[in-house]
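Reviewing the structure listed below.
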Amino acid sequence: MSQHPDINTNVDATSLTDDQKSLDTNATSGNEVAPDGNKHIRIVNTFMKRRTHMNKNAELALTAPEFAHYLVNNSFGDGNLEGIDDLRALFAELPNGSEAPLTLEIGFGLGDSFIEMAAAEPSRNFVGIEVHEPGIGKCAYMAGTQNLSNVRIINGDAIQLLKQLPENHIDRIQLYFPDPWQKKRHHKRRFVSPERMAIVTRSLKQGGWFHTATDWEHYAFWMVEVLDGFVGLSNQAGAGNFTSRPDFRPMTKFERRGLASGHGVWDLIYLKD
């Protein structure tokens, strides 16, 4: 496979620098000089907040006390992650809570598949992080109405959260159908990049999984090239290959419609060596 000209795969988890650990943003594209003459880091987000209608159930879950224990930082203000440095501690009150297998899902959307997975594996703890408040509210509402004890929800930037967590902390990190950022000038916003994967991988336990899926073919091959070239991760389907959708990842309505229209879906599972 020839290397994409925009990809530098010469990064690995062990080479994560102090600068990468301490960045105030999830990526940067250089410095800008402000009117005061000082240099400021330009923020490059991997996500874009959407303004959509919030239904009554989602609004209820964001405000009613019976849902509050699902919402880790709902009272902190928009996306404030201050003090969130141990996801296992969020389940400390549960039997074996801090010792149970831990999954982090990045960008769970409206939360349907996230909640379905949590309900199917009650002995595994699930943390979801999202910036879309209607999705956060809906997810919390579903968790509450199903009385799930193994779910926690965080509002904020996943990369910033991962920087705050200990090394070797998470058993499985999931990233399903991330924004493909199709335009070339936006490729720097793609979540799967060597620099961001260094941050992701340091948080994974030895033997932990990074699992991603996309319905954009170009992004699928971009991801397999980045991840196959990343020291410390092993493609479970073999270099250059994709895996079949595992049984534990539910098929969404959107995915079914796409497949019915002839669109492909590509899954990738990588093990931390």
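Note: Cβ is positioned from N, Cα and C throughout, glycine not excepted.
Feature annotation from Swiss-Prot assigns active site to ASP179; the stated evidence is similarity to another entry. Other C-beta atoms found within 10 angstroms of the C-beta of ASP179 (active site) number 17, with every protein chain shown included.
If you look up Swiss-Prot, you'll see GLU105, GLU130, ASP157, ASP179 marked as S-adenosyl-L-methionine binding site, on the strength of sequence analysis.
In the three-state DSSP classification, PHE254 (substrate binding site) falls within a helix. Residues or ranges marked as substrate binding site in Swiss-Prot (evidence: sequence analysis): LYS183, ASP215, THR252, LYS253, PHE254, GLU255.
Taken from Swiss-Prot, the feature compositional bias 'Polar residues' applies to 1-31.
Here Swiss-Prot flags 1-36 as region 'Disordered'.
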Neighbour count (Cβ, 10 Å) for GLU255 (substrate binding site): 19
Binding-site residues compared (ASP215, PHE254) - highest count of Cβ atoms within 10 Å: ASP215
Cβ atoms near GLU130 (S-adenosyl-L-methionine binding site) (within 10 Å, other residues, all chains): 23
ASP179 (active site): secondary structure state under DSSP, collapsed to three categories: coil
Fewest other C-beta atoms within 10 angstroms, as judged across GLU105, ASP157, THR252, LYS253, which are the binding-site residues: LYS253
